[in-house]
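Pulled from TrEMBL:
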DOMAIN    116-211  domain 'Mandelate racemase/muconate lactonizing enzyme C-terminal'
ACT_SITE  Lys135  active site, proton donor
BINDING   Asp163, Glu192, Asp215  Mg(2+) binding site
ACT_SITE  Lys237  active site, proton acceptor
Amino acid sequence: MRSAKLFQYQLPMDSGVILRDQRLITREGWVVELCQDQQLAYGEIAPLPEFSVETATEAGEQAQQLLSQWVAGEALDLESALPSVAFGISCAMAELAAELPVTGNYLVAPLCCGDPDDLVERFNQMPGDKVAKIKVGMYEAVRDGIVANMLLEAIPDMQLRLDANRQWTPLKAQQFAKYVKPEHRSGIAFLEEPCRLPSDSLAFAQQTGINIAWDETVRDAGFEVKAEPGVAAIIIKPTLIGSLERCISLIGQAHAVGLTAVISSSIESSLGLNQLARLAQWQTPNVIPGLDTMQLFQAQLIQSWPGCELPVIPLSELDMVWHK
Ligand SMILES: O=C(O)CCC(=O)c1ccccc1C(=O)O
Ligand SMILES: [Mg+2]
């Protein structure tokens, strides 16, 4: 016997969460509950404004159709479903089938704003490798170069991830690189998407010896996982990519050609973030995931994130919008 429910959630965000051109005041999404033989399983469907192709409304409608099919015992075509819907439903199904292991990797790469004392403090409270991430490309490229260089000098045993989100022209990317001393470049694990064009990012990596990672490019039509000089990693944001199967397939392809795969958040609630930590521990066990996004919220959802003291909104407080 099967039944399913869909709940709607809205969570207040910290002031100052900006996505591209838009301030994100509340995070909205859906919680899927699957029930089979008295077993319950959950998944989160949360398209990210400015990043997802689908809206929350579209995702909610498609989720209802697919969940109806699931209740009726039909096979689901998650490959052609909207990415956030495919991810949320496949997570719930994997949880129900006990395929998604319960242990997670909660050692996230701290998102840091460039203060070395701050970062030293966070590393002191963390076991394991020192890996941090900073966003670049928002201010002067030269300033970004100086900050990256300073951090690498201050914490020599750190691996730094940088993320430019395609913000630089080739010239600006060069200005950045000029300020990162050649001996510090190997301390950069990778720089995500320095330029608007992937071909410019690739040329940058080869000219500067700074490794890059694909993030936006992974979601571009026709993307193929391949080893190229200067490319170290691919970033997997499951809410933007699709089903668990699709994510696992990409991770497998990356590993097969010697690339690192990094599971990363699309600002899911603590519910989805926990599942991403479990996916990371399962499929990328030796890689620190990019999941340091709980700090952007003012509340958690259903399950708490380890060490996070924000209030937790229980399932009983959400509106159930659909059930079958
Ligand atoms: O990757 C991480 O460490 C955190 C997540 C993150 O940076 C992010 C989250 C949502 C949307 C875009 C991005 C991004 O990679 O710029
Ligand atoms: Mg990115």
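Just so you know, glycine gets a Cβ as well, placed from its N, Cα and C.
Note that TrEMBL annotation is computational and uncurated.
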Handout entry: Candidates near ligand 2 among the recorded positions Lys135, Glu192, Lys237, judged by a Cβ under 6 angstroms
Key = Glu192
Problem - Cβ packing number for the residue listed as 'active site, proton acceptor', 10 Å threshold - result: 25
Practice task
Could you name the residues, excluding Asp163, Glu192, Asp215, of the same chain that surround the Mg(2+) site, i.e. Cβ within 8 Å of the Cβ centre of those residues, in sequence order?
Solution key: Arg161, Leu162, Ala164, Asn165, Leu191, Glu193, Ala213, Glu216, Ile235
Problem - Proximal but sequence-remote residues of the same chain as Asp163 (Mg(2+) binding site) (Cβ under 8 Å, at least 6 apart) - result: Lys133, Ile134, Lys135, Val136, Gly137, Leu191, Glu192, Glu193, Asp215
Fill in the blank from the handout: Fewest neighbouring Cβ atoms within 10 Å among the binding-site residues Glu192, Asp215 goes to Asp215
Fill in the blank from the handout: Within 10 A of the CB of Lys135 (active site, proton donor), the number of other CB atoms across every chain shown is 17
